[in-house]
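A quick write-up on the structure given underneath.
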């Protein structure tokens, strides 16, 4: 698959994500501090499980705020009669069981890439060369994964808006006077949330787990109290009620299923955040706390509706005693902020992975914690999300309006994940197609049914995440193909490094004191920046370093495998530095490591040479003209290599070059 190389340099397109990765257990947070048989010590496991409550389960944990409400009081609501209430509860129970407990907890979390999860980690497990997978299948898998990643951005725009709105809508239950305050309050909370991102969340993040623990305990208690008063609601455990619901409502039942899907939004976060906490703590927190708390609250809302159908306008807050309404609104608002924070941090992480894998241009990546590699802030993404999230609140003005847009992205991503999982299981792990197809087919039956039910709400807001995904896929595909075209140009116009070194050895080239570091997109060709430097200045430095950054198909690269150095003669050294797709390369740190290990001589001063490309979209490239112009625009506005690679600006020399493509 062409074009799969990092924006700042890397391997040729044909070799990217190409090596076969055997499925094996790697270090992950759950076994860093281990007891017997690799199981974490009890204290460590409980600490990770508590942390997972705050990061992994914020989204799905706040779904009770709006799921039942949307079924019985939304745009396509049904009457809150006993048969419908029991049918909806049965659908919620079995959706959580089949999709979250079985698909994600039991199967998807086995597909870890050295402990990491998520769509890009899953894609990186698929072999991209050889006879294990056909060329057409590779193209389908890559495009599916890119679409899945793009859909996550659409989901990321909606989650903060709908969770914050639904939380503070409890004020309407307390007093009618609060109705006009909902939108301004939601906008103010979102504005504050995005403005504090640049300061990092390491300190405040420590309270996320305890707050969500209180949240789950509270919603479970509220639900249990109602169930005790009306235990008949427990009969909805039987799937017969779900069957009767569809038998009675037919197509309208599918529309309501699109609202039931809101109960599983956030389920994909279990897999995506696996690298932060490990599969054992995530499973523990799900089965010990989250799953039972959600079921108790949903069934409690159902029990309350059986007693008072007029609570349908906001059944969640209908469970709360009036004297506790304001404290509950405050707790729900904190839970919604935590859910939003998890989504924002996930968008930052996803963007960094996409940059490293060469799917989007370089962006500004700020590390907000000296201790934690994953604590990052990306101002470009933060500004975009802030504008879109506040815009959604101003346009839709209520959680019920946004509910139509929510779910489409999640269910489409779930279906895509199932497809990629099939290729990982059959091509990487060696599972037989005959055994894998029925399992994945079962997943897809649920995924496609949920996705289809949400498409029925296309004109009620479902178009929004799909439009966002389409734009992002176009950007990623154009950037990938554009970088591939530039690589072809470099291959055609640059001599091999061996040829250049032969010329240097034959001529008495004047050398100046110091070290010159040239960034090279491939280790076999002469960097264009070196060619232009030598062409115009007619000199070389005493020591010349050719530095290539390789991004691997693994999340991280061990320090011992980071740097490979080769002495080329004539004062030239080649350094190949390998990074995982969840890491950010820092060139001065690479050089310091090489100096400390005495792999290259340290000759001062050090200058860094970069190529500054001016793209002219009028060349022979096969890309469509509008895609060429888009690629040129993205290239002009991408983060500079100086900032992205952490280079000291006073030591950087940029050499311009025009490229027609």
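Heads up, the Cβ atoms here are built off N, Cα and C, so glycines get one too.
Given the structure is predicted, the values throughout are model-derived calculations rather than measurements.
According to Swiss-Prot, the features are:
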type     : residues : note
COMPBIAS : 1-11     : compositional bias 'Gly residues'
REGION   : 1-38     : region 'Disordered'
TRANSMEM : 48-68    : transmembrane segment
TRANSMEM : 85-105   : transmembrane segment
TRANSMEM : 139-159  : transmembrane segment
TRANSMEM : 177-197  : transmembrane segment
TRANSMEM : 207-227  : transmembrane segment
TRANSMEM : 251-271  : transmembrane segment
TRANSMEM : 286-306  : transmembrane segment
TRANSMEM : 324-344  : transmembrane segment
TRANSMEM : 384-404  : transmembrane segment
TRANSMEM : 405-425  : transmembrane segment
TRANSMEM : 436-456  : transmembrane segment
TRANSMEM : 458-478  : transmembrane segment
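Take the transmembrane segment (286-306) and the stretches 139-159, 207-227, 384-404, 405-425: counting Cβ pairs under 8 Å, 207-227 has the most.
The transmembrane segment (139-159) and the transmembrane segment (458-478) are in contact, since at least 3 Cβ pairs between them lie under 8 Å (pairs 6 or more apart in sequence). As a quick check, the transmembrane segment (405-425) and the transmembrane segment (207-227) miss the bar of 3 or more Cβ pairs under 8 A, pairs 6 or more apart, so the two do not touch.
For the transmembrane segment (85-105), the residues of the chain that approach it from at least six positions outside its boundaries are 60, 67-68, 71-72, 78, 233, 235-242, 244-246, 248, 256-257, 260-261, 263-264, 267-268, 270-271, 282-283, 286-287, 291, 294-295, 298-299, 302, 305-306, 414, 418, 443, 446, 450, judged by C-beta separation under 8 angstroms.
Remote same-chain residues near the transmembrane segment (384-404) are listed as 65-66, 69-70, 73-75, 156-158, 160-162, 164-166, 169, 182-183, 186-187, 190-191, 194-195, 259, 262, 344, 347, 457, 460-462, 464 (criterion: CB distance under 8 Å, separation of at least six residues from the stretch ends). Residues 29-30, 40, 88, 92, 100, 159, 162-163, 166-167, 205, 207-213, 215-216, 219, 259-260, 262-267, 269-270, 273, 276-278, 280-282, 284-286, 288-290, 293-294, 297-298, 301-302, 305, 315-316, 332, 335-336, 338-343, 345, 399-400, 403 of the same chain, all 6+ positions outside the transmembrane segment (48-68), place their C-beta atoms under 8 angstroms from a C-beta of that stretch. Within the chain carrying the transmembrane segment (436-456), a Cβ under 8 angstroms from the stretch's Cβ atoms is held by residues 95, 98-99, 103, 107, 251, 254-255, 257-258, 261, 264, 407-408, 411-412, 414-415, 418-419, 421-422, 425-426, 462, all 6 or more beyond its ends.
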